[in-house]
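Asker: I'd like to ask you about the structure that follows.
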Amino acid sequence: MLENVKKSLFRVLCLGALCLGGLMAEQDPKELVGLGAKSYKEQDFTQAKKYFEKACDLKENSGCFNLGVLYYQGHGVEKNLKKAASFYSKACDLNYSNGCHLLGNLYYSGQGVSQNTNKALQYYSKACDLKYAEGCASLGGIYHDGKVVTRDFKKAVEYFTKACDLNDGDGCTILGSLYDAGRGTPKDLKKALASYDKACDLKDSPGCFNAGNMYHHGEGAAKNFKEALARYSKACELENGGGCFNLGAMQYNGEGATRNEKQAIENFKKGCKLGAKGACDILKQLKIKV
């Protein structure tokens with residue numbers, strides 16, 4: 001669940017682009033970030049760096065963050081993870097939530113800094129406190145996996161709940177799985193289904209698949225083939241092989257809709273291409289080439 005750095009930068013750039021306007025007579029820091037964003041989009045990374053440096057010197061947190069990303073990526077500067085960590089740290093000190101999160105990533109993996117799990121947890125925690133969903137999800141993942149700390153499902157539930165409340169789809173899916181299994185919380189299939197459904201609404205394909213399974217088998221709600229079909233369909237649209245396979249099976253059997261063998265076979269083919277072994281097996285049984 002570690003953040004894709006490039007995607008993070010584009011989020012900031014999109015925000016920064018809203019700040020464009022005029023020449024920099026007053027050196028407004030947010031406007032400097034906007035000009036840096038414009039230069040970045042034009043692939044003038046050297047100029048972008050200058051604007052971000054000025055903004056950071058004026059204690060504009062997103063300017064410091066963007067400088068960190070430039071050093072992490074090596075755009076307009078020589079790649080330097082130590083400097084990336086330094087600028088993420090400045091951004092975090094100025095309460096830029098994703099700066100805290102990415103600094104946590106560096107401490108977790110030991111990139112540009114000495115590996116330090118406690119510091120990673122510290123920065124993920126600050127990101128989460130600043131309502132950055134992926135910071136909460138990263139904490140949840142650490143306590144869920146138990147690789148670098150003692151496994152604690154109760155804490156995992158706590159942090160995945162926060163992540164889900166902040167609309168992190170993956171966090172909602174994992175929260176649903178914890179309710180489903182009764183780990184760190186009493187088993188509650190209704191809450192599991194609600195979490196999977198929210199994940200699906202947030203376009204998390206495993207959430208759609210899991211919600212489909214629950215509606216299909218009547219877990220957490222009355223059995224409802226129509227709802228199951230809708231969730232499997234969305235999972236398949238989101239490139240989930242199991243979703244395509246189950247969607248095809250329901251169409252082949254006429255569950256939730258009129259039987260449609262042609263469409264079922266198309267979904268079996270898609271599921272097989274996406275790695276669903278069951279879909280490949282049924283195509284072999286039907287003597288249909290992928």
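Note: Cβ is positioned from N, Cα and C throughout, glycine not excepted.
The signal peptide annotation in Swiss-Prot covers 1-25, and the record cites sequence analysis as its basis. Here Swiss-Prot flags 29-62 as repeat 'TPR 1'. Annotation comment: Swiss-Prot describes CYS56-CYS64, CYS92-CYS100, CYS128-CYS136, CYS164-CYS172, CYS200-CYS208, CYS236-CYS244, CYS272-CYS280 as disulfide bond. Taken from Swiss-Prot, the feature repeat 'TPR 2' covers 64-98. What Swiss-Prot lists as repeat 'TPR 3' is 100-133. Residues annotated as repeat 'TPR 4' in Swiss-Prot: 134-170. Among the features that Swiss-Prot reports, repeat 'TPR 5' is placed at 172-205. What Swiss-Prot lists as repeat 'TPR 6' is 206-242. Taken from Swiss-Prot, the feature repeat 'TPR 7' applies to 244-278.
Help me picture where these features are in the structure shown.
Answerer: For the repeat 'TPR 1' (29-62), the mean pLDDT of the prediction comes to 97.
Counting only same-chain residues at least 6 apart in sequence, those with a Cβ under 8 Å from the Cβ of CYS56 (disulfide bond) are GLY63, CYS64, LEU67, PHE87, LYS90.
Under DSSP, residues within the repeat 'TPR 2' (64-98) fall into helix, strand and coil as 25 helix, 0 strand, 10 coil.
Remark: CYS100 (disulfide bond) has TYR88, ALA91, CYS92, TYR123, TYR124, LYS126, ALA127, LEU130, TYR132, GLY135 as non-local neighbours, by Cβ distance under 8 Å and separation of at least 6 in sequence. Under the three-state DSSP scheme, CYS100 (disulfide bond) falls in the helix class.
Using a Cβ-Cβ cut-off under 8 Å and counting only residues 6 or more beyond its ends in the same chain, the repeat 'TPR 3' (100-133) has close neighbours at 2-3, 5, 8, 65, 68-69, 72, 80-85, 88-89, 91-92, 139, 142, 148-149, 159, 162-163, 166-168, 171.
Listed in sequence order, TYR124, ALA127, CYS128, TYR159, PHE160, LYS162, ALA163, LEU166, ASP168, GLY171 are the same-chain residues at least 6 apart in sequence whose CB falls under 8 Å from the CB of CYS136 (disulfide bond).
Per DSSP, the secondary structure of the repeat 'TPR 4' (134-170) breaks down as 27 helix, 0 strand, 10 coil.
Secondary structure at CYS172 (disulfide bond), as computed by DSSP, is helix.
Outside the repeat 'TPR 5' (172-205), and at least 6 residues removed from its termini, the chain residues within Cβ reach (under 8 Å) are 137, 140-141, 144, 152-157, 160-161, 163-164, 211, 214-215, 219-221, 231, 234-235, 238-240, 243.
Secondary structure at CYS200 (disulfide bond), as computed by DSSP, is helix.
Residues 169-170, 172-173, 176-177, 180, 189-200, 250-251, 255-257, 267, 270-276, 278-279 of the same chain sit 6 or more residues outside the repeat 'TPR 6' (206-242) yet have a Cβ under 8 Å from a Cβ within it.
Counting every protein chain shown, the number of other Cβ atoms lying within 10 Å of the Cβ of CYS236 (disulfide bond) is 26.
Away from its own ends, the repeat 'TPR 7' (244-278) comes close to residues 209, 212-213, 216, 225-226, 228-229, 232-233, 235-236, 286, 288, 290 of its chain (Cβ-Cβ under 8 Å, at least six residues beyond either end).
Counting only same-chain residues at least 6 apart in sequence, those with a Cβ under 8 Å from the Cβ of CYS272 (disulfide bond) are GLY241, PHE245, ALA279, CYS280, LEU283, VAL290. In the three-state DSSP scheme, CYS272 (disulfide bond) is classed as helix.
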Asker: For CYS208 (disulfide bond), which of these disulfide-bonded residues sit within 10 Å, Cα to Cα: CYS164, CYS172, CYS236, CYS244?
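Answerer: So the list is CYS236.
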Asker: Tell me which of the disulfide-bonded residues CYS164, CYS172, CYS200 ends up closest to CYS244 (disulfide bond) in space, Cα to Cα.
Answerer: CYS200
Asker: From the DSSP assignment alone, can you count helix, strand and coil residues within the repeat 'TPR 1' (29-62)?
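Answerer: Helix (H, G, I), strand (E, B), coil: 28 helix, 0 strand, 6 coil.
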Asker: Would you mind reading off the Cα separation of CYS200 (disulfide bond) from CYS164 (disulfide bond), to the nearest angstrom?
Answerer: 12
Asker: Which residue counts does DSSP give the repeat 'TPR 7' (244-278) for helix, strand and coil?
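Answerer: Counts, helix then strand then coil: 25 helix, 0 strand, 10 coil.
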Asker: Show which residues of the chain containing CYS172 (disulfide bond), separated from it by at least 6 in sequence, have their CB under 8 Å from its CB.
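Answerer: Sequence-distant Cβ neighbours: PHE160, ALA163, CYS164, SER195, TYR196, LYS198, ALA199, LEU202, ASP204, GLY207.
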